[in-house]
Amino acid sequence: MSFILALDQGTTSSRALVFDHDGTVRGLAQKEFRQIFPEPGLVEHDAEEIWASQLGVAVEAVARAGLSAADIAAIGITNQRETTVVWDRRTGKPIHNAIVWQDRRTAAECDRLKRLGLEATFRARTGLVLDPYFSGTKLAWLLDHLPGARDKAERGELAFGTIDSWLVWNLTGGERHLTDASNASRTLLFNIHEGNWDQELLQLLRIPPAILPEVVPSSQVYGETAARFFAARVPISGIAGDQQAALFGQLCDRPGMVKNTYGTGCFMLMQTGERPVLSERNLLTTVACRLGERTEYALEGSVFAAGAAVQWLRDGLGIIRSSEEVETLAATVPDNGGVYLVPAFAGLGAPHWDPYARGTLLGITRGSTAGHIARATLESIAFQTADLLEAMEADAATPLTELRVDGGATANNLLMQFQADLLGVPVVRPRVRETTALGAAYLAGLAIGYWQDRKELSRLWQAEQAFAPVLERERMAELRYNWNRAVERSKGWAQP
């Protein structure tokens with residue numbers, strides 16, 4: 001019997017999971033790594049530490065499963081997106097720390113491009129907004145600020161990649177410099193309609209084409225691991241950015257199917273099939289995956305503070321000792337008692353995109369308790385999700401029939417039930433909650449025939465629990481109305 005190894009390289013830790021043919025986790029290892037904050041607004045990672053931690057957990061996960069490298073049929077990779085690495089092709093060494101997706105150092109450059117009237121051009125071609133979040137301006141910053149970097153890039157001596165590219169380069173001993181289409185679509189440099197690097201956008205950001213990786217399908221044998229890393233050379237055959245991998249792992253393979261990942265923030269993706277839907281409501285259009293010549297697309301929206309709001313209750317207010325306690329505390333009251341929290345600690349994401357919004361707690365009376373604040377915090381996660389979903393349904397002209405969910409906060413039954421009540425459709429939690437890693441495993445396995453097709457995969461997907469809506473729609477409409485009032489009060493608070 002053989003197995004698939006999924007490498008799940010995240011923002012705070014590197015993980016590796018071994019899956020069997022039924023999609024069951026047989027081995028898991030995880031290692032955190034340093035977060036580097038040179039100054040406010042700047043976030044970096046040591047790319048070599050990322051590689052070392054990822055290789056270490058890969059070996060450990062296989063050992064914990066009681067297996068050897070000879071038992072691994074293929075490797076799939078999923079990764080934190082947008083985080084930018086540039087390295088020297090000859091030495092294989094990064095020329096600077098990785099600039100993380102959270103980093104805001106290129107805000108002024110994005111503003112400059114907007115003033116030049118270029119946002120519509122970037123949006124139409126890439127499906128993205130001009131924001132420091134994405135890789136393109138990070139890469140331009142590195143070339144502009146590191147002595148000699150631009151000259152080396154022009155001579156083809158440097159390589160750029162998101163984390164998937166960096167891992168593949170190292171796993172193959174420097175033989176392959178590539179990225180999959182889902183990761184390429186997060187760079188601000190990739191034309192999602194033509195499926196290639198956009199030459200005009202490269203010129204606008206002064207990016208030499210020689211520095212870019214080859215763009216490949218999300219499921220294909222790209223190469224094998226170098227012999228020195230494992231006792232056997234293992235095919236690398238699947239890559240997707242973390243949120244696209246979760247969409248694939250949730251088997252959202254038909255237009256209109258939606259998944260929401262509840263983590264520090266929330267990431268919602270709606271599968272739109274082979275049709276890229278350009279949003280009129282501030283959502284992102286992204287490549288979901290490329291399978292052979294077929295490219296599938298998704299609408300995406302993000303919530304900046306979901307689990308982070310619960311962490312604030314723990315670390316900022318001290319009204320809970322662990323994040324798990326929030327459900328118990330929230331259940332001490334029958335409803336929110338008129339209390340609303342807008343957790344805009346770092347502004348508001350889609351569909352509002354207001355960087356100047358700030359956290360707002362409204363409706364407090366002498367009768368308000370810690371339970372009301374805890375409940376308002378959980379409800380804020382569901383409200384923000386509902387805002388995203390409403391925008392997606394309108395953009396895609398496709399009504400939702402169910403929401404598939406994953407991520408740590410889905411263990412909170414009170415939140416999941418309120419989410420179902422608010423949306424008016426079932427919220428479905430899968431049996432296997434490691435959907436991001438599972439998506440990478442599925443992509444890798446399909447490429448080598450470990451699984452034959454998506455029909456076979458769909459038979460593996462099982463719901464652990466479905467939360468059906470039970471509260472009246474009129475009551476939900478009233479809560480949404482008050483939530484919208486609270487959001488409007490939070491907007492623009494930090495405007496200079």
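Glycine is treated like the rest: Cβ placed from N, Cα and C.
The ATP site recorded in Swiss-Prot comprises Thr11, Thr12, Ser13, Gly307, Gln311, Gly408 together with one of Thr261, Thr264, Thr360, namely Thr264.
Swiss-Prot annotates Arg81, Glu82, Asp242, Gln243 as glycerol-binding residues; of Tyr133, Tyr222, Tyr297, the candidate listed for that same site is Tyr133. Note on proximity: among Arg81, Tyr133, Asp242, Gln311, the binding-site residues of the record, the Cα nearest Arg15 (ADP binding site) is that of Asp242. Taking the mean position of the Cβ atoms of Thr11, Thr12, Ser13, Thr264, Gly307, Gln311, Gly408 as the ATP site, the remaining same-chain residues with a Cβ inside 8 Å of that point are Gly10, Gly263, Ala308.
Rounded to a whole number, the C-alpha distance linking Gln311 (ATP binding site) with Thr264 (ADP binding site) is 9 angstrom.
Each of the binding-site residues Thr11, Thr12, Gln243, Thr264 was scored by how many other Cβ atoms lie within 10 Å of its Cβ, and the smallest score goes to Thr12. In the three-state DSSP scheme, Thr11 (ADP binding site) falls into the coil class.
Close to the recorded glycerol site, the chain also has Gln80, Thr83, Trp101, Arg186, Gly241, Phe267: residues not among Arg81, Glu82, Tyr133, Asp242, Gln243 whose Cβ is within 8 Å of the site's Cβ mean position.
Taken residue by residue with DSSP, Glu82 (sn-glycerol 3-phosphate binding site) is part of neither helix nor strand, so it is coil. For the binding-site residues Ser13, Gln311, Asn412, the largest tally of other C-beta atoms within 10 A is found at Asn412.
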